[in-house]
């Protein structure tokens, strides 16, 4: 494994999001099971940390942009800065939704439709952001997730306010449609991995990449679908599981997503105004890391080089010895005997 290349492709933004979601889901499961008695404002602490990092990073990036006009003429700089502003706007709407959720749980004084109102605004904004991202070749996973779930948000709000009395299995129909699409993606990667394994014209690196993608998608989608099914059955009263066993598949998916961030290129360079890859930024701040991080080992290659460089000792040379009777020649390699060729009699013509 090439650790240097692995960290060069590290995406710190996604890692922060998945880590905060993992910690939040652990605290939420413990709170729902009554193991901890914290306030929900404390349970949402990882979410507040996530949004705080977004706001601070965008503020610093905007300050660097304003103080350095020369940066605006650099290639994709304007596109990346606009993408950061779009992401900040969506995160602020999500922050408003999360604050309303905590207030509704703690005090219970207003309708869930009002709580979900920021999400109803997020969806059309996310659709516009996706159109802009496709035109400028930008990857916008969060925006796509918010845009395709507008119907799911409406159903959940209506069900929580008891305006509709459908079972949760029916309420989550838009979610099942989305998960069916993800299952097709998993099947697609599995089929292509099998085809690449059976093909002799594909190099080993491509086979390894497709197998890794297939395993990653399986480890993400299958546990996530399991979590959703268990949660819906619990809400409908079909099982009496505690929340921790239900959340375990979700934790597995989030851990896998965290692992995949080490092989994903991308990330906006304008967060905190660093304007470069995160690992390169760290190496410039902490130069001593270069001594330990910029080293690669190849034991097999080193062994082969040592074998090539080490001269092979030659066997001692022994003078040839001839014996007339046996007509045996002892060559320079002791112990190896070669019979001489038979005599040829060439008769000269008269």
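Numbering starts at 1 and runs along the chain as displayed.
In case you wondered, yes, glycine gets a Cβ from its N, Cα and C as well.
Straight from Swiss-Prot, the features:
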{"type": "TRANSMEM", "residues": "16-36", "note": "transmembrane segment"}
{"type": "TRANSMEM", "residues": "41-61", "note": "transmembrane segment"}
{"type": "TRANSMEM", "residues": "81-101", "note": "transmembrane segment"}
{"type": "TRANSMEM", "residues": "111-131", "note": "transmembrane segment"}
{"type": "TRANSMEM", "residues": "177-197", "note": "transmembrane segment"}
{"type": "TRANSMEM", "residues": "211-231", "note": "transmembrane segment"}
{"type": "TRANSMEM", "residues": "240-260", "note": "transmembrane segment"}
{"type": "REGION", "residues": "298-350", "note": "region 'Mediates interaction with MAP1B'"}
Outside the transmembrane segment (177-197), six or more residues from its ends: residues with CB under 8 Å to it: 148-149, 206-207, 210-211, 213-214, 217-218, 221-222, 224-225, 228
Long-range neighbours of the transmembrane segment (81-101), counting only residues six or more past its ends (CB under 8 A): 44, 47, 51, 54-55, 58, 61, 65, 110, 114-119, 121-122, 125-126, 129, 132-133, 136, 138, 140, 142-143, 146, 268, 270-271
Close approaches to the transmembrane segment (41-61) from elsewhere in its chain (Cβ under 8 angstroms; 6 or more beyond its ends): 16-17, 19-21, 23-24, 27-28, 31, 81, 84-85, 87-88, 91-92, 94-95, 98, 102, 106, 270-273
Residue numbers, six or more beyond the limits of the transmembrane segment (111-131), whose CB comes under 8 Å of its CB atoms: 86, 89-90, 93-94, 96-97, 100-101, 104, 140, 142-147, 149-150, 153-154, 156-158, 160-161
